[in-house]
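Undergrad: This is the structure, below, for whatever I ask next.
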Amino acid sequence: MDGESTMAGAPQSGEGSSSRSSSFEKGSQEYRLTVLEPEHHDDSDSSQLVVIGRESSDLRPDAATREPLLPTSSPIPSQNRPQELGKFSCSFSGIRTWIKGPVPPVEYRITPWLARWQTAPSRYIERLLPSTRARVSLLVAGIALWGVVFLTILHYSITGQEIPGYGTPVKLSCHARLWYNSTECGLDGEACRPFDNGGFAFRCPASCADAILLEPYVVGPAEYNYRSLVIGGSLQDNSTADISASFGNIGIYRGDSAICPAALHAGLISSQTGGCGVLRRTGEHNDYPSVSKNGVTSIGFASSFPLSFTFNTDSSERTSCRDQRWPLFTFSLITTTLLSLCTTSSAGFFASVYFIVYFQVALSSDPPYSPDYLEIVSTALGRFLPCAIVGWAIYHFAVRRTLAHNLPARWDQTVLWLGPCWVGALNTDTFDKIPISRLTPHDLQQQPGAIPALLIIVACLVLIVLTQALAFRNEGRLPQMLTVYGVFVAGIALLLSVPHMNLRIHHYILSLLFLPGTTLQTRPCLVYQGLLVGLFVNGIARWGFDSILQTGAALLEGAQLGSVLPVVGTPVVLGVSHIAFAVGRDALMNGTRGPLAGDGVSVLVNDVERYRGFWSDLVPGAGDVVVDGGNDTVAAAGVAAAGEGLFNWTRQTDGEDEYFRFAFVRLNALGGFWYEDFTKPGIWTREGDWVGWEEVEKDTVGDGAGDNGGER
């Protein structure tokens, strides 16, 4: 004890100093330093000590372990990361503790591969332009240069193409038609004149091979869906010989065919680049055989129609008439790639890419349809300001976290964030290939492949949600995310409860809902976030801020209304050329008769409206009324019972089948009228026989009848 007290006391002489020196030398050989590792809270509640076999006098760092000589709280090795406090418990407190995550939480940070090479372009820019003002000026100049080149090419592609003798081509959408449907063209198609002796130059965009019907459309005795609306185009009928000889053997198409898919079917344009052509109306034609050409199979119709058309085949009309969306996209892709590699600020990167992607979509890749291109420019500028405001919110609440610390992994940012952003922005050419047109029960039931595709998408989303939830838990932010998405779910449930309205979650709304779940700096989050930003930009640039709640009529877009149908009895055939129908005033709904449902009746013959009349205009008789279908009235005593109307029809062309459909017409309070659903077609054969409504063989993809209601 005395010896120990002496060693602990103050030195008393020079010998003491010598003794201490000797003791230090001896101690330097006998004592080893230890590095205290952080405590591991395991079941034994003990901590580990790692002994490093080095002398304390050796102050050099250990090249093998790179461990510090003294205890430190610097980054903890991966094998020694914080672990859970205790075992998981199924109790409420245990679940709450598990949701809160580890203590302390782990912050995810992307460590770039080959970091020196990834940051080389941005470091070169910083050396070349050391001041922030100079770098901002260079960024603005780069975007301005992109704008000048982009608009120059775009302007030339719109105004620099003329077809001799026809002037500037009319800009069409892939769904544009001369005859939109029977109700819009009016009685005998008068609203869709001229039927012949008229031609014009037109221009089609790219990707028209993907322009298909999204609702059932009736052609003669059958209805079609999810295919191109091209009717006819064959030269098998001898009656087309004189016409087709002067137009290069293109063939004749029914007037309600989509023009651009018909031009693609005729080989006049390419789906990859679009093209121009000259359309000529050829008047009434009486046979449209089906034919497969250039990857498109047309629909056959073996009867007459008042409007037909064909195309000129002069190659000079198509010279340099191409859709410039893909060259412009390539230029925009190169520009944004350079900006991603050279920009040191995450805010500058996001703002510049957001600006370029928006105008690429709004003006070139997927613009809203308008025959006047200046109107498209006006629409794009009108939507940009609110889109930019939402873009700021997206950056502030989501992107800023993912690209935090001016993410040094430039190539990761370019490939994993910018690449998916362009994939989402080109939604028409990417995700529109998935067989889901709209997320509504009606569309999911009638579209082939929609339900399997939805199941695959849901499975992928569940997997992504689970992995993201675990990552947020590790960062200690899972409670915050659960609160955010709880508010989202409550809001959607509230919207679902609004009466007489339908919830429509557009893809721009889906992007906003999912973006908060991508606020981690991980490589998967770069992919998810870039894709969602691109989808948002596409949704606004193409469709605008459509409402999340829509009326049933707005969702139909030409579909069946689900309204009542008129009761039409079995007709009386009065020879090969005359037929009479008794049309009841009461309605038929789900096979059950109901009270009077309409103010009048409309009749389609061969998909053309041939009669439209109102009960108040009909001449009353002894409980009966007579409806003349534009022909000499046929005496048909006893056909119509009390309260029914009599529709008489005389065959227009001998040797053809004719197809009849009936619908109620309603008057609007402020004027005009509304068509209810049309019945399924019945066939009056060329031999004079009647094939009833239930006996017609369906040739369809999907449900429901074709020509549909609509307001006038």
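Cβ atoms here come from the backbone N, Cα and C positions, even for glycine.
Dumping what TrEMBL says about this protein:
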- 13-26: compositional bias 'Low complexity' (COMPBIAS)
- 55-65: compositional bias 'Basic and acidic residues' (COMPBIAS)
- 71-82: compositional bias 'Polar residues' (COMPBIAS)
- 247-299: domain 'LCCL' (DOMAIN)
- 1-84: region 'Disordered' (REGION)
- 136-156: transmembrane segment (TRANSMEM)
- 328-356: transmembrane segment (TRANSMEM)
- 376-395: transmembrane segment (TRANSMEM)
- 450-472: transmembrane segment (TRANSMEM)
- 484-505: transmembrane segment (TRANSMEM)
- 526-545: transmembrane segment (TRANSMEM)
- 565-583: transmembrane segment (TRANSMEM)
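Neighbours and distances for these, please.
TA: Counting same-chain residues at least six beyond the ends of the transmembrane segment (136-156), those with a Cβ under 8 angstroms from any Cβ of the stretch are 125, 129, 324, 327-328, 331-332, 335, 338-339, 343, 348, 352, 355-356, 359-360, 363-364.
Distant neighbours of the transmembrane segment (328-356): 121-122, 125-126, 135-136, 139, 142-143, 146, 149-150, 153-154, 364-365, 388, 391, 395, 399-400, 403-404, 406-407, 410-411, 413-414, 417-418, 421-422, 426, 533, 537; these residues of the same chain sit at least 6 beyond its ends, with a Cβ under 8 Å from one of its Cβ atoms.
Residues 108, 434-437, 443-444, 478, 480-481, 517-518, 520, 522, 524-525, 528 of the same chain sit 6 or more residues outside the transmembrane segment (450-472) yet have a Cβ under 8 Å from a Cβ within it.
Distant neighbours of the transmembrane segment (484-505): 438-440, 513, 516-517, 546-552, 555; these residues of the same chain sit at least 6 beyond its ends, with a Cβ under 8 Å from one of its Cβ atoms.
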Undergrad: How about long-range neighbours of the transmembrane segment (526-545): same chain, 6 or more residues beyond its ends, C-beta under 8 Å?
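TA: Result: 110, 354, 357-359, 361-362, 366-368, 379-380, 383, 386-387, 390, 394, 398-399, 402, 412-413, 416-428, 431, 464, 468, 506-512, 514-515, 517-518.
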